[in-house]
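I have placed the structure first, in the form of structure tokens, so that the comments after it can refer back to it.
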Amino acid sequence: MSHGLFISFEGIDGAGKSTHVEALAQAFRDAGRAVVLTREPGGTPLAEQLRQLALTAPMDPLTEALLMFAARRDHLGQVIEPALARGDVVLCDRFTDATFAYQGAGRGFDRQVLAQLERWVQAVDALPGGTLRQPHLTLWFEVPPEVAAQRLAGARAPDRFESQPLAFFQRVAQGYAERAEAEPARFARLQADQPREAVWAQALAAVRQRGWLP
Ligand SMILES: Nc1ncnc2c1ncn2[C@@H]1O[C@H](COP(=O)(O)OP(=O)(O)O)[C@@H](O)[C@H]1O
Ligand SMILES: Cc1cn([C@H]2C[C@H](O)[C@@H](COP(=O)(O)OP(=O)(O)O)O2)c(=O)[nH]c1=O
């Protein structure tokens, strides 16, 4: 049986992540792998309800951070861990880097509190003592906030995050940069301000480079 693979997709809103999730799923299926496509916040009935609240209801930053991690805990236990135990490929549109980028850098919420929540939520029995569940690879779609805003203009009705000013997304982008700097081996930095085909080629190359696709 293959080992489970956990790949997350990250970047500011409008970076173009969701555009490539299904194509990568198909590439893995073509290679004979079972794939679980999922997203955060969300991925389970409970976590989807928490998503709905987080994206629409006004709340203070601690409540927002707790909702993200509550949704994540349910998602890990119900979907991600069972899939990895089966040897599936889990493709997840956003994970904990988004909490550090949006709640931490974007909202200015205390990163040490986020790090403590990360330690509680991502400690899972299947892993050796002290190791946290993290993606094996994070595809980071990096795009200037101005470009992302242009892509989103008119594309869909903005939620609580997407309606934030440009300065918010500049901070979020910086938050991603800090996470990537702290864990360079986990992150593949993609230049996402290029045409879709060029972005896809970079994403595929990052996965192939690790020997996970032919
Ligand atoms: N490389 C690209 N160049 C131009 N537009 C793009 C590109 N990738 C995605 N888009 C468009 O930008 C918008 C946001 O893309 P999406 O994949 O939903 O972003 P995200 O999931 O990162 O928020 C969509 O309308 C999508 O069609
Ligand atoms: C996972 C996560 C998402 N978010 C935000 C980022 C996004 O603006 C929003 C939803 O993410 P996303 O699924 O990318 O939105 P869409 O379906 O509109 O492309 O939630 C956080 O603020 N913290 C988190 O931990």
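Placement of Cβ uses the backbone N, Cα and C atoms for every residue, glycine included.
Feature annotation from TrEMBL assigns domain 'Thymidylate kinase-like' to 9-200.
In the three-state DSSP scheme, D13 (ATP binding site) is classed as coil. Its own atom aside, the Cβ of D13 (ATP binding site) has 22 Cβ atoms within 10 angstroms in the protein chains shown. Look at TrEMBL and you will find G11, I12, D13, G14, A15, G16, K17, S18 tagged as ATP binding site.
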Under 8 Å by Cβ from G14 (ATP binding site), same chain, sequence gap 6 or more
V143, V147, A148, A149, Q150, R151, L152, A155, E162
Binding-site residues listed as I12, A15, least Cβ neighbours within 10 Å
A15
Winner by Cβ contact number (other Cβ atoms within 10 Å) across the binding-site residues G16, K17, S18
K17
